[in-house]
C-alpha cells in the first residue's frame, strides 16, 4: 500500500474505449459497467483530482466493415463521432446520478444536446471541480479518439493520459493469445516505437511524445486499478521520457 495519501496527479485525461462500456453484452452500453465507472470517476473527484474524459464509440458503431462495403470514410467517421456523443451523454447521466457535476462538450456543434467544445470553458469547468467529457473526437475525420485524447490532454495541460484497456498494461506480446506475455512497467516513447508495441495509433502516440505528455495504460476492469494509478502506486505501464 502507498504511504502517500495525496494523489500523484492534479489533472488527468482519462481515455475509455467504447468497448469498455459494453461489458459482456457484446454491443451497446451495459448499465452496471457504466455505473461502476461513474463511481470510480467520482472517487477521483473526491480526492481533488480534475478529470477530463474521452470515450470511444466502438460499442455503438464500427466503420471498418461498412468502409469495406464501400461507405465513404468521411461519412463513417462522422457516424463514429456521433457514437462517442451518445456514450458521452450516457456517462454524463451516470455521473449526475452519482451526484458528480459533469459537462459534455462536443467537437461538432449539437445545439440543444450538449455544449460545443471551448478550451477556455473546459479549463474553467475543470478548475471548478467538474468532470469534462470531450466527445466527437477531434471533430475531423481520419483522426481516432486516441488522437482526441492526446490532443485534449495537451490542451488542458493534463499531467498524464490514462488509457483504460481490458488488459493490465503494455505487454511484449498479446496477452490474450499468449498467457506468458511479459508486462512492461515502464517504457520510453522510443522503446514503444522500436519494439512496435501497440499502445495507440502512431498519430496519437507521436503527438503525446512531441508534447512530453506521459501515457499510463492500465486495466479498467480491475477493481481499484484507477485509484491506484492516481495515487502513484505501481499499476499498469507508464510511457514517458525516461530520465525526466
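Positions of Cβ are set from backbone N, Cα and C atoms, glycine also.
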Open item on the list: Starting from the UMP binding annotation in Swiss-Prot that includes 77, 138, 139, 140, 141, 142, 143, 144, 145, which of 52, 57, 169 is the extra site residue?
Closed with: 57
Open item on the list: If I go by Swiss-Prot, the feature region 'Involved in allosteric activation by GTP' sits on one of 23-28, 29-34, 35-40, 41-46. Which?
Closed with: 23-28
TODO: Could you check the binding-site residues 57, 58 and say which one's CB has the fewest neighbouring CB atoms inside 10 Å?
DONE: 58
- [ ] Compare the Cα of residue 58 (ATP binding site) against each of the binding-site residues 138, 140, 142, 144 and report the nearest.
- [x] 144
- [ ] Give me the Cα-Cα distance between residue 140 (UMP binding site) and residue 15 (ATP binding site), rounded to a whole Å.
- [x] 18
